[in-house]
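Participant: Handing you a structure now.
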Amino acid sequence: MSNDFIKAEVSKIFDGIVKIRRDIHMNPELGFEETETSQKIKVFLTEHGLEVQSAAGTGIVGILHNGLGTVAASRADIDALPITEENEVEYKSRISGKMHACGHDLHTAVQLGAVKFFAENRDKWKGTIKFIFQPAEETTGGAKPMIEEGILENPKVEYIFALHAAPEIKTGKFGIKYGKMHASSDVFEIKIYGESAHGALPQNGTDAIVIASQLISYIQTIVSRNIDPREEAVITIGKISGGKAENIICDLVELKGTIRTLSPDIREYILDKMRNSVVKFVEILGGKAEIFIRNGYDSVINNDEVTAILENNIKELYGEDSIVKIDKPRMDVEDFSFFLQKAKGVFFRLGVRNEEKGIIYDLHHPRFNVDEESIRYGMELQIKNLISVLEMGEYEKGR
């Protein structure tokens, strides 16, 4: 399939897809509350002849069967954020306190454009495509429950692609990275128990605040003195609370924080260190402690083979100058990581920045917006990505 054909077909549907993006933007819904968004997606998929499945509550999968061949997938997240929009645009959020401030409206629109392209050009390809519309990326994560419900099976997905709006990259350019791209993240809570006493009689109590101050310093040494400095890892204690009055020895302090790493081995080392040493450390200082750890998202690690396909597709469509090589991984998280553990895939960044239009604000900012021309680029590249693996399957399997 030629690049000119892909671009011509995308041009035909572009205006309609922009309207869909604006409609989704005006009606944002938070994680696992995306009932109206899911219904709109379901109607669109049904109208275009796809098999439709629900998963993880508000998640939707559209399956396009078109003969034997590769089973490929693309994923778009659909949830919004609890932010009040400050943009003065005709498609401004209609719901106070909710906004698509991370580009998930764009992701959804791009994927619906790909749906329309493949549904209307069945004579140009063979295989199966699963279009995954995932809820709750911003909260507890919809990827894992969707996978657990079997959306990548029957037939089993071999390749998967996902993009993310990138306000730091100009429209028409794409950020790519081989290997590790996003960190894992785990949340911890520590409760330190001391013994209350009058502030004038500290010898009669056990000061949980003093213990906490020592523990915070110790926790920072887990990374700084136990991890190879060439490895990426950071422990953040973002919340501390305790004490009842200025003249009472504190008997309870609570710490809350996050652990972010890129290497699964380093992640396990830090988690084990936290579990095994925090309580003992507090006990040495005369207190007692409990630690609770909630595992979050795993690291996003792109498959080299599929990243090379992506890189080649960008060069073919737009030239080498359109590629932005990302040197360093990001320490924020993304639950597309769970899909990458089940299929060969790649996660990349789609430039949406346009300084002339004032589209310069970062993700999660109340004035975040996207250059809608980026929707065209997103559709063209995702279509090309899927075509590449579908055609590869036809060639390799003789189908």
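Here the Cβ of each residue, glycine as well, is placed from N, Cα and C on the backbone.
Here TrEMBL flags CYS102, HIS104, GLU138, HIS164, HIS364 as Mn(2+) binding site. Taken from TrEMBL, the feature domain 'Peptidase M20 dimerisation' applies to 188-276.
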Participant: Indicate whether HIS104 (Mn(2+) binding site) is helix, strand or coil by DSSP.
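Facilitator: Note: HIS104 (Mn(2+) binding site) is helical by DSSP.
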Participant: Give me the DSSP three-state residue breakdown of the domain 'Peptidase M20 dimerisation' (188-276), ordered helix, strand, coil.
Facilitator: 33 helix, 32 strand, 24 coil
Participant: Around CYS102 (Mn(2+) binding site), how many other CB atoms lie within 10 A of its CB?
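Facilitator: Taking every protein chain into account, the count is 23.
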Participant: I need the most crowded of these binding-site residues: HIS104, HIS164, HIS364. Count other C-beta atoms within 10 angstroms of each C-beta and give me the top one.
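Facilitator: Of HIS104, HIS164, HIS364, the one with the most crowded Cβ is HIS104.
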Participant: With an 8 Å cut-off on Cβ distance to the CYS102, HIS104, GLU138, HIS164, HIS364 Cβ center, who else from the chain surrounds the Mn(2+) site?
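Facilitator: Everything else in range on the chain: ASP77, ASP79, LEU81, HIS100, ALA101, GLY103, GLU137, ALA165, LEU363.
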Participant: Neighbour count, 10 Å Cβ-Cβ cut-off, for GLU138 (Mn(2+) binding site): what number do you get?
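Facilitator: Step by step: centre on the Cβ of GLU138 (Mn(2+) binding site), count other Cβ atoms within 10 Å, giving 19.
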Participant: Would you identify the secondary structure of HIS164 (Mn(2+) binding site) according to DSSP, in three states?
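Facilitator: HIS164 (Mn(2+) binding site) sits in a strand per DSSP.
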